[in-house]
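According to Swiss-Prot, the protein carries these features:
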BINDING   His159, Asp183, Asp187, Asp268  Mn(2+) 1 binding site
BINDING   Asp183, His185, Asp268, Asp270  Mn(2+) 2 binding site
BINDING   His185, Pro186, Asp187, Ile188, Tyr189, Glu193, Gly194, Asn195, Glu311  substrate binding site
TRANSIT   1-24  transit peptide
Amino acid sequence: MGGVAAGTRWIHHVRRLSAAKVSADALERGQSRVIDASLTLIRERAKLKAELLRALGGVKASACLLGVPLGHNSSFLQGPAFAPPRIREAIWCGSTNSSTEEGKELNDPRVLTDVGDVPIQEIRDCGVEDDRLMNVVSESVKTVMEEDPLRPLVLGGDHSISYPVVRAVSEKLGGPVDILHLDAHPDIYDAFEGNIYSHASSFARIMEGGYARRLLQVGIRSITKEGREQGKRFGVEQYEMRTFSKDREKLESLKLGEGVKGVYISVDVDCLDPAFAPGVSHIEPGGLSFRDVLNILHNLQGDVVAGDVVEFNPQRDTVDGMTAMVAAKLVRELTAKISK
């Protein structure tokens, strides 16, 4: 209920503004001030963190957390909007140590830093619609990337955020990337339920925009005829779970990013079997084990320039927060791939 209320609150604000006969110009100016303030906060935090890292020295790339708590483009439940703070809490909860499996220390700011969240709901409360909102997300990512050596690791949010994030990464780096996409679904509908920004359409937007050269989708087990047709249209390499045992060796020795601007990794938590991660909006049995995912990530060769972890839904998690810990572990191991 909370997610539905959050998703519709902005409509009532705009209606009240319209009833009060607020001019379109005045509304636009107000929206611009809110957006500028949001970007300024992220920019100043990124500058401060980057200055610290440069002063410390010895770092080429540091993973930088950026939360995008957006859930209204989900076709089912909007709980992923509440995920970023829960993931952060799980990262630092103290139930495990602060090292990644490869031995990188998360307490070292040269490995991981954080610039906070894009205030999605506050911006939407001002009547900002999705075309402009996606631009705000893209500009937020570019703001992080402007500060060397920060590289964005984005916390969703539903999977619609991957489109503006990948777009920003590609535009900022000056060319396409290769994408490793782990998911139960291909998210490549042209416009799911008429919404071009649906979480089920994000990779259609990415591919038609030319922001990726190769798109590898791993863990797929809920795919329609349109999903397969769209995959063929865009030359997507789709690896379905029904053939995973045959594909395992290849997927655990991937080499990506040569000849392009690097590798982007997008992890939808529902790529995992729900036995490992029940706190997702779209539960789809028959998925990857957590160790399957880690083997793919750990063995991947390529320069990982950015990534995201999406579709964790805290409202469907277990009482003890098992899926939050899973999402946090994914963030930790992606941090190890990005930082250097």
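Quick reminder: no glycine exception, Cβ is built from N, Cα and C everywhere.
Where Swiss-Prot records a feature, it is marked here on the structure.
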{"residue": "His159", "record": "Mn(2+) 1 binding site", "contacts (Cβ under 8 Å, 6+ apart)": "Asp183, Asp187, His199, Ala200, Ser202, Ser266, Asp268, Val310, Glu311"}
{"residue": "His185", "record": "Mn(2+) 2 binding site", "contacts (Cβ under 8 Å, 6+ apart)": "Ala200, Ile220, Ser222, Ile223, Gly227, Asp268, Asp270, His282, Glu284"}
{"residue": "Tyr189", "record": "substrate binding site", "contacts (Cβ under 8 Å, 6+ apart)": "Ser198, Ala200, Ser201, Ala204, Glu226, Gly227, Gln230"}
{"residue": "Gly194", "record": "substrate binding site", "contacts (Cβ under 8 Å, 6+ apart)": "none"}
Count the other Cβ atoms sitting within 10 Å of the Cβ of Asp187 (Mn(2+) 1 binding site), across every protein chain shown.
30
I'd like to know which of these binding-site residues, Asp183, Asp270, Glu311, is least surrounded, judged by other CB atoms within 10 A.
Asp183
What does DSSP say about Tyr189 (substrate binding site): helix, strand or coil?
coil
Helix, strand or coil: which one is Gly194 (substrate binding site) in, per DSSP?
coil
Can you tell me whether DSSP puts Asp183 (Mn(2+) 1 binding site) in helix, strand or coil?
coil
List the residues in the vicinity of the Mn(2+) 1 site, defined as same-chain residues other than His159, Asp183, Asp187, Asp268 with C-beta within 8 angstroms of the site's C-beta centre.
Ser162, His181, Ala184, His185, Pro186, His199, Ser202, Phe203, Ser266, Asp270, Cys271, Val310, Glu311
Within the same chain, and leaving aside Asp183, His185, Asp268, Asp270, name every residue whose CB is within 8 angstroms of the centroid of the CB atoms belonging to the recorded Mn(2+) 2 site, in sequence order.
His159, Leu182, Ala184, Asp187, Gly219, Val269, Cys271, Val280, His282, Glu284, Glu311
